[in-house]
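Below is a structure I'd like to ask you about.
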Amino acid sequence: MAAKDVVFGGEARARMVEGVNILANAVKVTLGPKGRNVVLERSFGAPTVTKDGVSVAKEIELKDKLQNMGAQLVKEVASKTNDIAGDGTTTATVLAQAIVREGAKYVAAGLNPMDLKRGIDKAVAALVEELKKQSKATTTSKEIAQVGSISANSDESVGSIIAEAMDKVGKEGVITVEEGKSLANELDVVEGMQFDRGYLSPYFINNPEKQVALLDNPFVLLFDKKISNIRDLLPTLEAVAKAGRPLLIIAEDVEGEALATLVVNTIRGILKVVAVKAPGFGDRRKAMLEDIAILTGGKVIAEEVGLALDKVTLEDLGQAVRIEIGKENTTIIDGAGQAAEIEARVKQIRIQIEEATSDYDREKLQERVAKLAGGVAVIKVGAATEVEMKEKKARVEDALHATRAAVEEGIVAGGGVALLRAKQAVGDLKTGDAEQDAGIKLIMKAIEAPLREIVANAGGEPSVVVNAVLNGSGNYGFNAANDTYGDMLEMGILDPTKVTRTALQNAASVASLLLTTEAMIAESPKAEGGPAMPDMGGMGGMGGMGM
């Protein structure tokens with residue numbers, strides 16, 4: 001086992017604070033509408049240019065092990081805030097740095113770190129309550145667009161395309177971000193339920209122009225096994241033919257004689273039928289078949305529920321207004337399922353989302369909710385170069401997260417104003433314990449940091465602006481984009497409450513850990529340069545070559 005260095009007390013904290021400062025100073029230059037760019041080296045290809053705080057934080061690894069520990073803890077603040085709220089990473093980093101810097105002074109002056117921590121926790125709890133009171137629900141498309149624009153570093157085109165996407169697929173719908181092919185951002189919306197399986201034979205195509213099979217007012221047969229024997233299908237086909245309507249068969253697979261018979265019937269015009277494979281694999285396939293059954297008002301024909309293929313009646317089949325089957329996708333529009341049953345299914349999947357442990361499972365479950373609840377929108381990001389594309393895509397994804405957070409918990413005045421107003425409302429919070437009160441005072445000073453940083457990045461004088469904002473009331477604040485004062489909400493400068501709240505809570509949590517650190521253990525640095533090479537026999541005069 002390698003030897004370790006152990007560092008105690010003030011020295012340990014001082015080294016950690018140095019690491020915190022290095023990381024925070026690199027991240028905080030990106031804050032605000034006039035935030036600067038940071039260039040990240042890439043081992044291959046062109047460097048990446050970004051204004052995204054979490055991207056900068058993720059790149060930082062320091063040579064000094066103790067400094068690096070401090071930096072990594074603050075990196076945790078940024079990434080945790082990003083995971084929960086999707087934005088606010090730079091704000092969280094700036095707050096963490098301010099709390100650590102103020103707190104380190106108090107600890108150095110001999111105050112008890114544990115009492116300081118208790119004071120910090122009380123102040124944060126009071127501020128969070130106040131933020132919730134200030135919060136205003138996000139209802140209009142305009143507000144959604146403003147939140148998106150602010151998060152995408154004041155890019156209005158991003159805000160408006162996110163608002164449009166939410167309009168089309170609803171607040172719960174799935175919105176994905178992809179790299180586009182053109183210079184401008186584009187929005188594609190798929191209404192109804194779409195899954196990634198197409199027709200099993202091109203002979204099913206009845207619209208040669210679009211190369212798709214269109215079924216109007218069809219029945220839907222859902223079967224969880226392979227169909228290879230046409231005899232099992234005959235009763236269903238006869239009943240559907242009598243009703244004079246088309247049929248979509250979704251099964252694990254349709255092969256051999258069964259597929260050939262369906263194709264022949266379609267070509268001869270005896271029956272309009274299309275077969276597709278069921279989406280997904282294993283348990284996910286079962287769940288998705290069940291989703292389609294609920295959406296279309298049918299049943300999944302499976303032996304485990306006592307239903308056999310040759311005993312199927314028209315009542316067991318699902319129905320839809322229209323189904324479009326392409327080479328790779330099938331879209332069911334306006335299924336005949338009961339709204340209450342669909343709603344119950346969505347609730348059930350939401351519970352599974354909360355319990356899901358992996359991001360992959362969570363994402364797949366969210367897709368299922370969207371398919372049942374409304375549709376899927378795809379934002380295609382346009383850019384001139386690959387470097388710009390990467391930077392823009394990251395910003396659009398951030399903006400999308402922030403917008404979802406705004407819809408979830410509402411909005412507060414942006415630009416660091418909400419925290420100052422919360423500070424004023426909490427007023428003179430006292431606990432009766434001098435050291436805990438010092439913790440409260442420390443937080444009340446630290447929450448000015450985001451506004452100070454925004455002003456500094458815009459080339460202004462932070463103290464002057466902070467005093468001017470504190471003398472105002474309500475949503476009165478400073479617009480760094482054009483150096484004016486006014487109502488932040490009216491100027492469209494807003495932050496999702498969830499983002500501001502999460503940034504404050506995570507920053508205080510990690511800063512408290514740093515302040516209550518009393519010892520640090522890190523591997524000792526290895527001595528530079530190995531031992532000299534031994535004499536090389538037979539090569540006189542070259543012995544002891546220093547390497």
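Any Cβ shown, glycine's included, is placed from N, Cα and C.
Summarising the annotation, Swiss-Prot assigns ATP binding site to 30-33, LYS51, 87-91, GLY415, 479-481, ASP495.
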What same-chain residues, at least 6 away in sequence, bring their CB to under 8 Å of the CB of GLY32 (ATP binding site)?
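Long-range Cβ contacts: GLY415, GLU453, ILE454, VAL455, ASN457, ALA458, ALA480.
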Need the DSSP three-state call for THR90 (ATP binding site) to compare against my parser.
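Reduced to three states, the DSSP call for THR90 (ATP binding site) is helix.
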Using Cβ-Cβ distances, find the residues under 8 Å from THR30 (ATP binding site) that belong to the same chain and are at least 6 apart in sequence, listing them in sequence order.
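When sequence neighbours closer than 6 are ignored, THR30 (ATP binding site) has ARG36, ASN37, VAL38, THR50, LYS51, ASP52, GLY53, VAL56, THR90 within Cβ distance under 8 Å.
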Count the other Cβ atoms sitting within 10 Å of the Cβ of ALA480 (ATP binding site), across every protein chain shown.
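I get 25 for this one.
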Sort GLY415 (ATP binding site) into helix, strand or coil using the DSSP assignment.
coil
Near the Cβ of ASP495 (ATP binding site), how many other Cβ atoms are there if near means within 10 Å?
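The Cβ of ASP495 (ATP binding site) has 31 Cβ neighbours within 10 Å.
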Give me the long-range Cβ neighbours of GLY88 (ATP binding site): same chain, 6+ apart, Cβ under 8 Å, in sequence order.
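Non-local contacts for GLY88 (ATP binding site): THR81, ASN82, ALA402, ASP495, VAL499, THR500, THR502, ALA503.
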Could you check the binding-site residues LYS51, THR90, GLY415 and say which one's CB has the fewest neighbouring CB atoms inside 10 Å?
LYS51
State the three-class DSSP label for ASP495 (ATP binding site), counting H, G and I as helix, E and B as strand, and everything else as coil.
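In the DSSP reduction, ASP495 (ATP binding site) maps to strand.
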